[in-house]
Structure formats: C-alpha cells, structure tokens
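Single-structure report; data block below.
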Amino acid sequence: MLKKIKLLPLLIILGVVPLIVRLKIIPTPIGSLDYMAYPLGENNFDFFSYYKAIFIVALSTIGLILFFIKGEVVKTKYYIPLIVMGILANLSTVFSPFTSIVLKGVGDRYEGIFVWLSYLVITFLTVNLARTKKDIKILLGAAFAGIIVISIIGSFQFFGLDLFKSALGRHLILPKDLWGIADTLNFKFDKYIIYSTYFNPNYGGSLMVMFLFFAAMTFLSVRGKLYNISAYLFYILIYINWLGCRSRAGFLAGQFTLIFFLFFYRKNLIKKSKKIILLVVTSLIIGWVMDGFSENSLGKKLYDTELSSYNPMREMVLNTPNDLVVTTDKAGLNIIRKDEKLVFKDEDGRTLPSEFVDNRYKFNDNRYEKFEIEKRKEDYYNIVYDKFSYPLILRDNGFKTIGFQGRLTDIYMAERVRWMDGYEFRGSSRVYIWSRTIPKLKQTGFLGGGPDTYSLIFPQEDNFGKRIAFGNPSMIVDKPHNLYLQILINMGYLFFIGFVVFIGTYLIQSIKIYRNREFNSFYEVVGLATALAISGYLAAGMFNDSAVSVAPYFWFFMGLGIGVNKKLEG
C-alpha cells in the first residue's frame, strides 16, 4: 500500500497535470519586474502554465517526502550531476538580480527555480520508484493516459472541433465568477493547427516526438490481437498530433530520431517487416488525408525550408545624434541632418544626388536604387529598403525612432553574431533570436541570470533587429527557441556543463547497451523506446525550449531510462 501511495504523485504529474487548462489572473503592475519581464498589460491572463507549475512543484515535493518514509535509495552515478545541477540552480537563484522572477517564473511560462528543482526530483523519484515491470507499466500507463487525452483534444482541434471554443470547454477553463465572459473568450489560432493543452504548437513537436517512437516500439513489440489494435490506434493518435501541431522542430527531430531507430532496430527490420510496412503506409495515408483536409497548408508548412528568406539589411548606427548610417548587403547610406534638411551621402562620404517625388527621396545610383526616404510629416520619415521600413523621427536632440508600443525612443541595434546576418527570418525568426542571444552569454557567465529570466536579459530594446525579424518593435522575445541557449542564459555555463554530462552519460551508456540487442525482452523494448524519446526531445531542443507543459515528461523519461539501463547492465 505504501508503495502505491508513493507512486501517486508521479502518476498525477504524468497523467493529470499536463491536462490542466484553467484561467489564472496574475497582477503585473506597470513598472514592476513582472511587467518588465513580460510587458503585455497590468495583468497576465494565463490558462496553460501557472497551475501546471503549481501542481508540479506541490506534487514533486509531496512525492519526495513520501519517498523518504522507509525509502531505499537506488545507487547510481547519475545522482552526481543531478545534485550538482540542483546546487547550481540554487546558486543561480541566490545571485540573480531578478529575485521575484526566479522564484515564480515569468508570465505565460512560470518556470522558476522551484519548477526546475521539481524536474530534478521527478527524475530522482522515477529512478527509485520504477523498480519492477509492474511499477514501470503503472507509470507508463499514467503517461500514456495523459498523452492520449491530450492527443484526442488535439485531433479534434485539427479537424475543426476545438473543445476550448465550445461552451462546455470555455466554462471548464474559466472560474465560475468569470463565466460571464465565456462567449468572448477566443484562442486565436489558424485553422488546421493543434495546440491542445500545451498552447504553443511548437511545444507539441517536442512532446509528440517523444511519444511517437514509444508508440511505434509498443506496436512492434506487443502480442495479441487486442494489444496490437490498441497500440496501432495509439500510434495513429500520436502521429496525427505530431503532424497536426505543425512544428518543424518536432518534424525534423522525428526524422533525426528515425535514423537512430533504424540503426538500433536493424536486426529486427525484416522480422517485423509486416508491422513496419503497416506503420509506413498508415503514416503516408494519414499525412495525405491531413494535408488534403488542410487545403495543402500542412505540407507547405512542414516542408518550407525558408531558403528564399533573405534579409538585405545589416546595420543602423548613429555616428552622432544627427548622423545615421544605414548599411545593407550592397552599400551604406549616410543620412545627415543639416539646417533642418536631410543630406544623403554614400559609404565613401560623397554626396548622393536625389530627387523628391511623391513625398519620397529617390536615388539614381544603382547601389541605392532600392532605397527610398518617405516623408510622412515635417519631422517624420520612413527609411524604406525593399520590404524593410524603419521610422526616422527628427527631434532637437537628434534622430529618434518609434519603438515598443509606439513610444518615441533612441535608435538602437543590439550586438549580434555577424555571420548570421541576412538569415534573420529563418526558422520563423529563430536565427534573429539566436544572433542576439549568443552575445549575451558574455553577460550571464557561470551562474546565468537565474531561472526563467531570459526575457529580462534579451535586448528587448533592439528596435532595428525586431523590425527586420518581425516587422514590429513591440514584439516581446520571452524565449530563445533553443533549450541549450535557454539553459546557458538562465542557469549559466556550470549548470549547462552538468546538464551535458548528465544527458551525455546516459546517451553514451544507451548506445553501448542497445547497439547489438535483439529487443525481445520488456526492459530492452522500454529502454530503447525511452532512449529514442529522449533523443527526440533533445533534437527538438535545438529549436524549442523547456516548458512546464512538456518538460516533466522528459525528466520522467530520463529517470526511467537510467533505471532500465541499470537493470540491463546487470
């Protein structure tokens, strides 16, 4: 009975917490650190993260307390990096200048220190509680139950039946005293896209790629008609959601993980050829049906490499308050304010002849033929180059521009990684985010800025870069779209090293264990499925970051993988 009680917190974390969608209104007064970290209003209306974070922390704490009641700790070397990461996360918190943020997390994310410590606890508890086949089956059963519900909700969303847009769904996710606004509640997503209970479709890619190979391995391994049918339907459900969330991160991670699957499972490819062919044919049919239903938008999204996306803009630098240089991949245009007029020079300092037609300055020089300086008011100009537009405001103290929320601000361009110039649009503007994030590593150092402080460290005032990447200087960059940059910025170099040692040790151990296995035993099948799930998540982590909707599954799989590997090593 005590063992069952000890499992209960983990079971709820895996099977129930990911399903939580409930409105929480968190005050973020203007001028407060909370507002500075996520300045979208005086209140943060959160549906998808706050309560998940609260329950993850509460349940992992309860689980840890219950475990140490007559609990016997499994011996493993993995405690060393786990403990080191825990200590470093705490040090990062203690030395962070953003105390209120590191404790509870930033709006719409809520991945503060207590959540990160809870992730480590989830791994520890899984290592110690998943000791037998029965334990593993119970825990996986909870995880499968949770992901099935998530996937059912997601599948209906793709085909136009969104629970959260129905009267029932709206009342379920709103507190009773706010039922009056149920009819006005609307999550604005494009048609034919899945966001389920994790909200950001990108996170669906990280989540579903973990379970995709677990579902495939389950189907390839089970025996008996009922089990085969159940596993087959499970795979179909996960596959629909893997495609339907339209996450190219998850899509690429799936292809990457498939290579590892084919290598490790090579001895069984012929033996299991009928089932493998069935999965391949089923996958192709589902993809064809979903693409057709979505008016061919699904395939266009997943296979869009954005190779044609190129940004010609390079720099915008003030030499003096009234002397601005705008540089493209072709040439640099010098704009000088002199006697209340604008004078234009080329990059060699020679005056550029211009003509003023239809309220626009145009240039005859071939190097500057795409440049136009549009006059909108006496003191308001637009610098236009190709599709790029940048407001230039004339004030007594020099050139200014329009920045966050339409406010007058200084012209500013953040430090960047120069070899990424021109590719800022790629990966839905991820390259822009990375190019401005990497230089910040010099600032965050060994201990980082603290858990969930990324939005406070990213150069939000980069109005030039944001106009390139988003066409909007008011866009808030609250995440790096890269798990590894997220850890480096928030937790620092030392935590990152601990994390790399942790996952690296596990992956190397897994390669040694599974490279020549036949996968005829329960532990071999679960072990490989877990290793593939972890590999998929880490691959998606090149384009996605950690989130409370998804990360608990990863840390659970880490604990499960460590425990299973220990058994197979003997």
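The backbone N, Cα and C atoms fix where each Cβ goes, and this holds for glycine too.
Here's what TrEMBL has on this protein:
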type     : residues : note
TRANSMEM : 47-69    : transmembrane segment
TRANSMEM : 78-101   : transmembrane segment
TRANSMEM : 113-131  : transmembrane segment
TRANSMEM : 138-159  : transmembrane segment
TRANSMEM : 203-219  : transmembrane segment
TRANSMEM : 226-243  : transmembrane segment
TRANSMEM : 249-265  : transmembrane segment
TRANSMEM : 277-294  : transmembrane segment
TRANSMEM : 483-508  : transmembrane segment
TRANSMEM : 520-540  : transmembrane segment
TRANSMEM : 546-564  : transmembrane segment
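Long-range contacts of the transmembrane segment (113-131) within the same chain, counting only residues at least 6 positions beyond its ends with a Cβ under 8 Å from a Cβ of the stretch, are 3, 6-7, 9-10, 13, 53, 56-57, 60-61, 63-64, 67, 71-74, 76, 78-79, 82, 85-86, 89-90, 92-93, 102-105, 139, 450-451, 491, 548, 551-552, 555-556, 558-560, 562-564.
Long-range Cβ contacts of the transmembrane segment (483-508) within its own chain (Cβ-Cβ under 8 Å, at least 6 residues beyond either end) map to 77-78, 81-82, 84-85, 88-89, 92, 116, 434, 437-438, 440-441, 444-454, 457, 531, 534-535, 538, 541-542, 544-546, 558, 561-562, 565. Of the recorded ranges 226-243, 249-265, 520-540, the transmembrane segment (277-294) has the largest number of C-beta contacts under 8 angstroms with 226-243. The largest share of C-beta pairs under 8 angstroms with the transmembrane segment (520-540) comes from 203-219, of the ranges 47-69, 78-101, 203-219, 249-265, 546-564. Using a cut-off of 8 Å between Cβ atoms, the transmembrane segment (546-564) and the transmembrane segment (226-243) share fewer than three residue pairs, counting only pairs 6 or more apart in sequence.
If you look at the transmembrane segment (47-69), the same-chain residues 6 or more away from its ends with a CB under 8 A from one of its CBs are 2, 5-6, 8-10, 12-13, 16-18, 20-24, 26, 105, 108-112, 114-115, 117-118, 121-122, 124-125, 128-129, 173, 197-199, 547-549, 552.
Beyond its flanks by at least six residues, the transmembrane segment (203-219) meets 144, 147, 150-151, 154, 194-196, 228, 231-232, 234-235, 237-239, 241-242, 244-245, 247-251, 253-254, 257, 261, 275, 279, 525, 528-530, 532-534, 536-537, 539-541, 543-544, 547, 549-550, 553-554, 557 of its own chain at Cβ-Cβ distances under 8 Å. Within its own chain, the transmembrane segment (138-159) is flanked in space by residues 7, 10-12, 14-19, 126, 129-130, 192-198, 204, 207-208, 211, 234, 237-238, 240-241, 244-245, 290, 293-294, 526, 553, 556, 560, which lie at least six positions past its ends and keep a Cβ under 8 Å from the stretch.
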